[in-house]
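Everything below concerns the one structure shown next.
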Amino acid sequence: MGSGELAQQRVIVALDVPDEESAIALVDRLEDVTFFKVGLELFTSTGPKILEMLKSRQKSIFLDLKFDDIPNTVAGACRSAARYGVDLLTIHATCGREALKAATEAAQVGAAQAGVKPPKLIAVTLLTSISARQLAFDLKIPLELPEYALEMALMAQESGLDGVVCSPQEVVQLRQSCGDDFLLVCPGIRPTWADKADQKRSLTPAQAIVAGANYLVIGRPITTAADPELAWKRISEDLSAIA
Ligand SMILES: O=c1ccn([C@@H]2O[C@H](COP(=O)(O)O)[C@@H](O)[C@H]2O)c(=O)[nH]1
């Protein structure tokens with residue numbers, strides 16, 4: 001595999017910026033990046049036109065709106081979002097089994113109505129900003145963290161979802177239990193030189209790929225770097241070493 005190819009295939013850059021202008025500036029600087037994530041901050045600011053901007057540049061799109069509501073509402077949201085023709089779409093596993101099933105069906109319907117490919121629907125197991133201590137003391141969940149993440153992933157899989165968003169620290173266990181065809185998409189990725197900030201359950205890009213992650217989501221280590229192209233290049237080189 002050529003230099004940078006693994007990063008191009010497996011790294012999704014999170015465009016957590018406040019407006020369209022900043023997003024375009026970053027996308028145009030990071031010309032080797034093929035996959036971008038649009039999350040709550042950018043989508044709330046720009047609406048769907050940001051997706052058109054990315055499509056016009058032939059980029060793959062992860063629409064990370066993390067829907068979390070009752071079954072009827074998440075189904076409607078997934079039906080609408082699927083019409084945009086995005087590649088990945090998120091919902092929280094904590095919506096529950098009934099909502100996850102309704103969302104899965106609705107995403108198929110929305111895509112068919114719009115004549116586009118359905119998105120891969122993936123469920124957030126447990127935000128990577130939550131530590132074991134916070135899970136127990138703030139969220140009052142009595143399970144050990146790895147067991148809780150596994151239960152959320154299995155519920156998503158049984159409900160027909162294509163995969164989950166999980167911490168890279170849980171990838172080995174989830175891959176073993178959910179099999180090779182289940183997508184494991186990992187934020188909380190931190191090169192050794194990057195600040196962890198609010199991420200509590202992180203690994204380096206190379207560690208996450210070796211563990212078995214399908215995609216790595218990386219935001220601030222690239223987007224807030226003094227030189228985002230150089231940050232991308234360093235990550236690409238680290239991944240080339242394991243390719
Ligand atoms: O559990 C989760 C789910 C989603 N995210 C999102 O990924 C990126 C990570 O950005 P960094 O700047 O690399 O921390 C961000 O858009 C989150 O909304 C997550 O971090 N953890």
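The backbone N, Cα and C atoms fix where each Cβ goes, glycine too.
Every protein chain shown contributes to the tally, and the Cβ of Lys66 (active site, proton donor) ends up with 16 other Cβ atoms within 10 Å. The annotation active site, proton donor is assigned in TrEMBL to Lys66.
Per TrEMBL, substrate binding site is recorded for Asp16, Lys37, 64-73, Thr128, Arg190, Gln199, 219-220. The Cβ of Asp16 (substrate binding site) has 19 neighbouring Cβ atoms from other residues within 10 Å, across all protein chains displayed.
Marked as domain 'Orotidine 5'-phosphate decarboxylase' by TrEMBL: 10-235.
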Cβ neighbours of Asp68 (substrate binding site) where a neighbour is any other Cβ within 10 Å: 16
In three-state DSSP terms, the structure that Leu65 (substrate binding site) belongs to: strand
Candidates near ligand 1 among the recorded positions Leu65, Lys66, Asp68, Pro71, judged by a Cβ under 6 angstroms: none
Rounded to the nearest Å - Cα separation of Asp16 (substrate binding site) and Lys66 (active site, proton donor): 14
